[in-house]
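As recorded in TrEMBL:
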type	residues	note
DOMAIN	8-395	domain 'Major facilitator superfamily (MFS) profile'
TRANSMEM	44-63	transmembrane segment
TRANSMEM	75-93	transmembrane segment
TRANSMEM	99-123	transmembrane segment
TRANSMEM	135-154	transmembrane segment
TRANSMEM	166-184	transmembrane segment
TRANSMEM	215-234	transmembrane segment
TRANSMEM	254-272	transmembrane segment
TRANSMEM	284-302	transmembrane segment
TRANSMEM	308-328	transmembrane segment
TRANSMEM	340-360	transmembrane segment
TRANSMEM	372-390	transmembrane segment
Amino acid sequence: MSIFRFPLLVWLGIGILIISLGIRQSFGIFMMPITDTFQSGREFFSLAIALQNLLFGLFQPFVGMAADKYGAKRIITLGGLAYALGLYLTSMATGTGVLYISMGVLIGLGLSATSYVIVLGAVAKVVPAEHTAKAFGLTTAMGSFGMFAVIPGAQSLLANYDWQTAMQVFAMCCTLMVAFAVFMKTAAPSSASTGQTEPEQTLKEAMAEAFRHPGYWLIHAGFFVCGFQVMFIATHLPSYIADKGLPGNTAAMALAYVGIFNIFGSYFWGLMGDRFNKRYVMTTLYMMRAVVLTLFITVPLTTHTATLFGAAIGFCWLGTVPLTSGLVRQIFGARYMSTLYGLVFFTHQIGSFIGAWVGGRVFDYYGSYEPIWWTTVMLAIAAALIHLPINDKPVVRPALQNA
């Protein structure tokens, strides 16, 4: 199936992800200006971002259940409004306590309703099963364009105005997500969306089935590692590069390279997931991360090596998303994917919380990011091994089939 034959919903979902994730991935370059404004250590900002990611994940299963019941359109609309409000209140904050509510709670809620779980859950219902990994890869890849587009724009706003103005511009951009959601037709999914006749199942039965499946918990463990690595890098790479005395635009360019190469990488890994066993593709991806991280730590840091790192880590940045969501779809079907993948994503966000917060904690205690960088390498190797024993065959539901 050609990507140009994908339903309109897929392309609207891509637009939503570009805005939602582009803004989210730019928060790292706000660390130094915000901490300078409030005269606080880095742990304060790290904790606010960590809280955002934890609540992003905590809200996700419940938002996913709501999307499965009421439709993605309504959930994305409410999420876009919460996201915009969080950004605006952040720009108006006069004390650090407000940021825990605005950047932590409101933006966390907004992200949970406008990112991968909800969008991919909607896509799974309108794309045939045999093309879901490709569709997930395309959606993830093009959604990642936001990182490439938004981060340089945020850097320009910071250079020419201030961080408060940048946050207000972002808040206005969030209204576009609401506009895109209005045109999403999710009420009547394609008859080919599942690729097979799936037995009718209740939400409670679907969750019990997943919880009994050992592979489901291994998927959780692997995605925890992804969250830890990605959020640590997104939050602390700009400060790490600045600490090494490199020019201020180096970090923005490195993160922009992460975004642009993530576009190619996410689509590539999605295609590989359609052609080869997703477990083995996932193992390859995590081993590649381990190699890239090791080289970055051991090679002298320059402007060139920073941008090369951004390109290399970007290629395997969110390739885990189409593969992980594809595994959930492959094993358990599309009916309750937003819920089941939402629970997996919660584990991802626990990893994100720890990666963002502990990164700042380690730096404030040791004055160096070195210990946490080596931790990311060891976790990548562990995640590569975790995926090998997963039983990825579709579950059989004899009781439902005989009903």
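Residue numbers in this text run from 1 along the chain shown.
Glycine too: its Cβ is placed from the backbone N, Cα and C atoms.
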Taking every residue in the domain 'Major facilitator superfamily (MFS) profile' (8-395), what is their average pLDDT?
85
Highest-contact recorded stretch vs the transmembrane segment (284-302), from 99-123, 135-154, 166-184, 215-234, 340-360, CB pairs under 8 Å:
215-234
Cβ pairs under 8 Å only, please: of the recorded stretches 44-63, 135-154, 254-272, which one is richest in them relative to the transmembrane segment (340-360)?
44-63
